[in-house]
Amino acid sequence: MIRRLLIPNAAAKSHQYIKVSLFSTSAPEITPPFIHKCKTISQVKLIHQKLLSFGILTLNLTSHLISTYISVGCLSHAVSLLRRFPPSDAGVYHWNSLIRSYGDNGCANKCLYLFGLMHSLSWTPDNYTFPFVFKACGEISSVRCGESAHALSLVTGFISNVFVGNALVAMYSRCRSLSDARKVFDEMSVWDVVSWNSIIESYAKLGKPKVALEMFSRMTNEFGCRPDNITLVNVLPPCASLGTHSLGKQLHCFAVTSEMIQNMFVGNCLVDMYAKCGMMDEANTVFSNMSVKDVVSWNAMVAGYSQIGRFEDAVRLFEKMQEEKIKMDVVTWSAAISGYAQRGLGYEALGVCRQMLSSGIKPNEVTLISVLSGCASVGALMHGKEIHCYAIKYPIDLRKNGHGDENMVINQLIDMYAKCKKVDTARAMFDSLSPKERDVVTWTVMIGGYSQHGDANKALELLSEMFEEDCQTRPNAFTISCALVACASLAALRIGKQIHAYALRNQQNAVPLFVSNCLIDMYAKCGSISDARLVFDNMMAKNEVTWTSLMTGYGMHGYGEEALGIFDEMRRIGFKLDGVTLLVVLYACSHSGMIDQGMEYFNRMKTVFGVSPGPEHYACLVDLLGRAGRLNAALRLIEEMPMEPPPVVWVAFLSCCRIHGKVELGEYAAEKITELASNHDGSYTLLSNLYANAGRWKDVTRIRSLMRHKGVKKRPGCSWVEGIKGTTTFFVGDKTHPHAKEIYQVLLDHMQRIKDIGYVPETGFALHDVDDEEKDDLLFEHSEKLALAYGILTTPQGAAIRITKNLRVCGDCHTAFTYMSRIIDHDIILRDSSRFHHFKNGSCSCKGYW
C-alpha cells in the first residue's frame, strides 16, 4: 500500500494539500517552509524519513526539523537530532527552545538534565539559557543546581546581563535563600523594574514585609523607577500584613491614575489589602468597580468580612456566589466555614463542609481548623470525631495548617476535645507530642481546656511545667490569660500575683488589653478588689470588657454604689451599653440590697438603654426582690414575663423561698423547674434544704429518695484555703489532713471562745433529723470551718485568710465567721458560689444579702 502525507499548501487555498509519497523514487523538493507546515508528529516523522532516505538532510534542514519537532511537542526526537548537531548560534537557540518547552510542561528536572547535556556536549549557553535554567532550579528548590548554574554564568560572563541577574534573584528567592538573592541584586550593574519586582517579591513572600516596603521606597524615591502592575501586586500584600493602609491608599491612587486599576490582579490585591486592614467599605468599593472578577476576588471579600466579625456579610456574599454559580475553590469554602464557625454557628459550618465535599472539593488543613472550631463552639463531639477520622484517613498532615505553621490542626483537635468536655482525650493528644513538637499554642489550648472545662489545678501544673529548664516553650499573652482563668476559678491569689509579675517582666510593651482584663477578673474573684482597681487605674486603654469586669467585681463583693459609679462613668464616656452590662448592674444591686435602684434600671432598660430584658435580667430582678423578702412581688414579675420563664428564673425564686422559709411557694417553684428540667440537681437540693429548715423530715427523705431514683447527684461541698505552701482542700468531717488533730483542736478552742461571747449554733442548718447535740457536732465539722482553722494555723499574723467554697456558705458558718472575726487577728475573705463575704471586726460586707 502506498502511504501519502497530506501537508497544507501555503500557495493554494487552505483546503488544498501537497501529496508526498513515502515510496516515491524521486527526491522531493523539501524546503524549510515546507517542513514548518507540518502540524502533527506523524507528518514531521515522515518528512524526516524522506530526508534520511534520500540523503539530503542538511544542517539547515536539520535545524528546521528540530524546531518543528519542538513546535509539535515531540521533544525527544528534537533532543536526538540536537545531540548530533555541531555547536552553533542556531543550535543554542534550539537548546533554549527545548529547555523552555520542558519548563512550560512542568518538567523542571528534564530542563536541568538538558542543560547538563548541553554543557557536556561543549555547547555554550547564552543569556537566554540561564533564565530558563534558573527558573527550573527555583521550581524544584534546588539551591545546589542553582549555584552550579550561577557559577557557569560567572565564567561565561552572562551574569552581567540584567535578564540573567533578575532570574538569579528569583531563583534564590524560590529556594528561600534571601541572603543570596540580596547579594546577587546588590552586585547587579543595572536594575530595571523587573529587578526591583524580583527582590521586593522575595522579601514579601518570605515573611519580610517591612524590608519589602523599604526596597519599594528605594525603588521609587531613590532610583526613580516607575512601578508597573507587577510591582503593585508585590507591594500591596506587605501593606496588608503590616496594616499600612496609608501606603495602600497611595498605591490605589497610583493604580487609578496610571490605568492599572482595571488589571484584575491589581484589583484583587487592593481588595485583599483593604480587607486585611479591616477597611471593608473601601474593599467593597474596589470589588464593585472591578470589570473582571475571579474566585480570588470573591475569596478576599468573604475572608475579609469574616476576619472583622461581619459574619452576616460574609455568609451573604458566599450565598451570592452560589446563586451566581461562581466556581468556588477550597479557599472560598474555608472562608465561609470560618465565618459560620466564628459566629458560633457550628452546625451551619458543618453543613457548608458537607456541601463542599459533595461538590468534589477536598478540604485542606485550613478547612479542618475552621470546621473543628465550629464543632468546639457548639460541643458537637461526634462531628468533631468524624473530622478527626477524616484527617487521619486522608493525607492531611495534622501538624501543618497549610501556611507552614506547626501543629495547627492537632492544636485545634486538642481545643475541640477540651471544649466538648473530653479533657482526657485532649490530654492524650497533648501527651502524644514530644516536648520538642509542642509549640506555645499546644500548651495554651491544653491549659485553657483545663481552666474552663476540666481541672484548674492541672492547668496551673501545666503552666509550672512550661517554666522548667528542659521546656523550650515559654508562655505568651494567651497562655497567661488562660492561666489567670484557672487562678480565678481556684481563688489562687498568690499564683495569680506571680503570673502578673511574669507578664510585667516579659512584655516588651504594655500588658495586652485582654490580659489586663483577665487580671481584673482574677483579682476580683480572688477577693482582692483593691488590686483589681489598681490594674484598672493603670491601664492605658480600656474597652467594654474592662469596665464590665470591674463592675462585676464590685458587685460580687457587695460594693453596689461603686459598681453603679463605674456604670455611670461608662455612660459618660460614651460606651455602648448592652444586655451584659445591664445584667451586671442588676446583679450589683441584688447583692447590695439596692432594691429601688435595681427596679429603676430594670424599668429603664428598653426606654432609655434600648435593650429588651431577657430571662437572665428577669432572674436577677426576681433575686433582688426575693432576697428583700418581697416574694409575692417576685412571683407577680415571673407571671407577667413576656416569655415562658426558663428554669433559671424559677431557681432564683426557689432560692429566695429557702432563705425566707416559704415552703408552699418553694414547692410551687420546684414543680415548675421539674416540668422544664426534670434533672436539675440544684432545685432538688434547695427544696430538700427548705424542708429540712422547716423540720419536714419526711419530705426531706422523699426528695432524697427521688433524687436517687432519677440519678440526680448532689455535688459534695468542699472548701479550700490558700496558704504559704499552696492550696489545701477540706470536705465535711475531713480527717485526712496530716495535721488533722491540730486543726480540730484549733477549731474546738475558737468555737468555745465565740460561744463565750454570744455565738449560738444555728442547728436549723444541720440538714439531718437528729437531736440538737448531734446537729451541733455536724455543724462543727463543716468544710468552711475546717478551712478557717487551717488558715488560723498557717496564715501569718495580720494577713487575710482566704477561703473558697464550691457551694453556698452555710448560715451557721456565716454567723460563726462573723464572731470569729472579732477574736482573731485576721480578716476573713470567703467566696461562695454566690458572692464574696468580707468578715472584719464582727461584721460582714454582705449585710445579710446572700
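Cβ from N, Cα, C; glycine included.
The annotation repeat 'PPR 2' is assigned in Swiss-Prot to 91-125. Same-chain residues lying 6 or more positions outside the repeat 'PPR 2' (91-125) and placing a CB less than 8 Å from one of its CB atoms are 63, 66-67, 70, 73, 75, 78-79, 82-83, 85, 132-133, 135-137, 139-140, 142, 145, 149, 152, 156, 158.
Same-chain neighbours of the repeat 'PPR 3' (126-160): 92-93, 95-96, 99-100, 102-103, 106, 108-109, 111-112, 115, 118-119, 166-168, 170-177, 180, 184, 189, counting only residues six or more beyond its ends whose CB sits under 8 Å from a CB of the stretch. As annotated by Swiss-Prot, repeat 'PPR 3' applies to 126-160.
Summarising the annotation, Swiss-Prot assigns repeat 'PPR 6' to 228-262. Counting residues 6+ beyond its ends, the repeat 'PPR 6' (228-262) has Cβ neighbours under 8 Å at 193-194, 196-197, 200-201, 203-204, 209-210, 212-213, 216, 219, 269-270, 272-277, 279, 286, 289, 291-292 in the same chain.
Tertiary proximity for the repeat 'PPR 7' (263-293) is limited to same-chain residues at least six positions away from its ends with a CB under 8 Å from its CB atoms, namely 229, 232-233, 236-237, 239-241, 243, 245, 248, 251-252, 255, 300-301, 303-305, 307-308, 310, 313. Per Swiss-Prot, the feature repeat 'PPR 7' maps to 263-293.
Sequence-distant contacts of the repeat 'PPR 10' (364-398) (same chain, at least 6 residues past either end, Cβ-Cβ under 8 Å): 330-331, 333-334, 337-338, 340-342, 344-350, 353, 356, 407-410, 412-413, 415-417, 419-422. What Swiss-Prot lists as repeat 'PPR 10' is 364-398.
Across the repeat 'PPR 15' (543-577), mean pLDDT in this model comes to 94. Taken from Swiss-Prot, the feature repeat 'PPR 15' applies to 543-577.
Annotation comment: Swiss-Prot describes 649-724 as region 'Type E motif'.
Under DSSP, residues within the region 'Type E(+) motif' (725-755) fall into helix, strand and coil as 16 helix, 6 strand, 9 coil. The region 'Type E(+) motif' annotation in Swiss-Prot covers 725-755.
Annotated region 'Type DYW motif' per Swiss-Prot: 756-850, in sequence order. With helix defined as DSSP H, G or I and strand as E or B, the region 'Type DYW motif' (756-850) counts 38 helix, 16 strand, 41 coil.
DSSP states for the repeat 'PPR 6' (228-262), grouped as helix (H, G, I), strand (E, B) and coil, give 27 helix, 0 strand, 8 coil. Taken residue by residue, the region 'Type E motif' (649-724) breaks down under DSSP into 53 helix, 6 strand, 17 coil.
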